[in-house]
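Here is what Swiss-Prot says about this protein:
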BINDING   87, 112, 135, 166, 188  S-adenosyl-L-methionine binding site
REGION    197-221  region 'Disordered'
């Protein structure tokens with residue numbers, strides 16, 4: 001159980017992140033009934049939030065999306081519940097990468113949008129981006145489409161059901177008659193290696209363990225694991241990026257293990273991809289890493305959030 005204090009600055013978070021100042025959960029509990037039911041009232045009149053409870057995390061994320069972005073989002077049972085601060089840090093970094101391009105219309109690809117479709121919804125709502133949300137799990141597709149419809153985002157977001165989850169872009173691009181150009185892709189890859197005896201035990205093929213999460217772990221096995229873990233998944237994106245240099249301007253991905261960053265950078269170097277940028281996403285006690293690469297001549301913006 002975590003006692004909450006509003007108006008505290010969270011060190012290291014992106015300066016434009018609305019959650020950099022911790023929300024006043026006591027006020028939020030008064031305003032949002034479903035969230036209030038997951039809170040515990042302390043003797044001093046303040047509320048405590050148990051971040052290790054999955055149901056609490058669901059109501060917390062739903063409440064924050066409604067409060068800050070007027071988004072009504074639901075999650076499929078047993079699916080990944082995204083933490084908003086981290087997703088915002090990723091979106092804000094993409095904004096920073098897009099800024100030098102000075103483009104009026106921006107199109108992005110959300111690889112594995114999940115049931116919430118949160119990245120696409122945030123990108124569309126916050127920036128008016130046109131998003132292609134890719135997803136292979138039927139239940140997630142159903143919920144993602146409903147989330148888009150509920151928030152009247154059909155004109156900005158297309159949820160595409162990938163028939164084959166062994167490829168990233170191929171299925172959609174082969175049937176895309178318009179041959180649209182995309183300015184970026186984003187990805188929150190499955191962290192864990194399904195080849196391991198205990199894939200959700202925290203280990204990847206890298207000997208360094210991923211730090212245990214402070215929040216309750218949510219998500220289906222399909223969302224959290226894949227063959228080879230996040231390194232092999234991202235390498236597949238890199239391989240396909242070589243075939244789609246003209247379709248996507250900037251390729252990006254998040255990583256959950258710091259030691260995997262140099263492994264991805266080495267793989268890009270082996271393939272002679274020189275235009276590369278890295279960053280870190282800080283949100284409270286949790287840090288994630290991200291890598292961007294491009295085949296265009298304009299250097300990618302460097303720096304961390």
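Backbone N, Cα and C atoms are what each Cβ position is placed from, and that goes for glycine too.
Most buried of the binding-site residues 166, 188, judged by other Cβ atoms within 10 Å, is 188. On its own chain, residue 87 (S-adenosyl-L-methionine binding site) has 118, 119, 122 as residues at least 6 apart in sequence with a Cβ closer than 8 Å to its own Cβ. Non-local contacts of residue 135 (S-adenosyl-L-methionine binding site) by the CB criterion (under 8 A, 6+ apart in sequence, same chain) comprise 112, 113, 114, 141, 144, 159, 160, 161, 162. Counting Cβ atoms from all protein chains shown, residue 112 (S-adenosyl-L-methionine binding site) has 24 others lying within 10 Å of its own Cβ.
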